[in-house]
Amino acid sequence: MGNEAGERAGIAERAASAGADRALALFRGELDVETKANPSDVVTEADRDAQRAVFDAIHSGYPDDPIVGEEDDALKEVPEEGPAWIVDPIDGTANYVRGNPIWCTSVAAVVDREAVAGATILPALGESYVADDSTARLNGEPISVSERSDPAAAQVATTLWWGFMEGENHVETIGRLGRRFGDIRRFGSAQATLAMVASGTVDAAASPITPNSWDSVAGVQLIRNAGGVVTDIHGDRWEVGSEGLVASNGHLHDALLDAMQ
């Protein structure tokens with residue numbers, strides 16, 4: 001993609017920054033919180049305001065491109081062909097409404113359902129992750145996945161969300177991971193978690209269920225560009241719609257796949 005990927009990465013970063021700035025301005029303020037289908041799945045006016053800011057930034061550069069996203073009037077399925085954008089204005093809204101700083105605005109650019117750029121901004125933590133078609137950076141500096149290869153010393157995070165799984169299945173997944181790896185975490189924001197894998201602050205992440213595109217595509221691009229591996233739970237290359245998501249530094253991938261079976 002070359003220059004085109006660079007241009008889309010620039011728009012992704014500007015759009016994610018615009019949404020993140022809007023969300024940060026409302027963070028820890030008084031918000032009306034609405035409940036979706038599940039009591040723990042919430043949305044606020046900050047989500048909608050941030051999404052409008054993201055949309056405006058994307059349309060300033062690519063006015064005719066379709067946009068896929070979690071909230072309101074965005075498309076819900078990634079087009080099979082052509083360019084598109086995938087947006088999560090606040091990934092980690094449950095954290096956001098509680099004043100927890102682990103949340104982000106995430107934007108990915110795809111062509112024919114393949115990512116060419118992505119940006120994940122964690123404004124409350126001052127972290128800006130950006131990927132084009134070959135590089136991954138945090139606050140402008142190159143990043144890479146960790147080199148840790150001993151499962152007993154590894155930190156693995158789940159990107160699954162309790163509301164999407166039966167409680168016993170969730171506990172079983174955590175148990176399988178806990179028996180194989182040294183430390184298990186859950187941060188409450190899938191895109192933030194994937195960004196941590198890309199930067200090497202977490203060694204791997206996994207979910208047995210199919211993630212939404214807005215919870216995954218930007219982070220997958222970051223990890224791959226940072227030298228990591230992302231597959232489905234069967235070990236095949238991950239793509240939009242794949243069953244599950246298994247992301248690692250590569251050294252831990254076989255052990256992680258085994259634990260997810």
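Placement of Cβ uses the backbone N, Cα and C atoms for every residue, glycine included.
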Same-site residue for Mg(2+) 1 (record: TrEMBL; known: E70, D88, D91; options: D183, D203, D215): D215
I90 (Mg(2+) 2 binding site) versus E70 (Mg(2+) 1 binding site) - Cα distance in angstrom: 9
Where E70 (Mg(2+) 1 binding site) falls in three-state DSSP terms: coil
For D91 (Mg(2+) 1 binding site): intrachain residues, at least 6 apart, with Cβ closer than 8 Å: W103, C104, T105, S106, S189, A190, Q191, A192, W214, D215
Chain-mates of E70, D88, D91, D215 with C-beta within 8 Å of site centroid, Mg(2+) 1: G69, V87, P89, I90, S106, A190, Q191, N212, W214
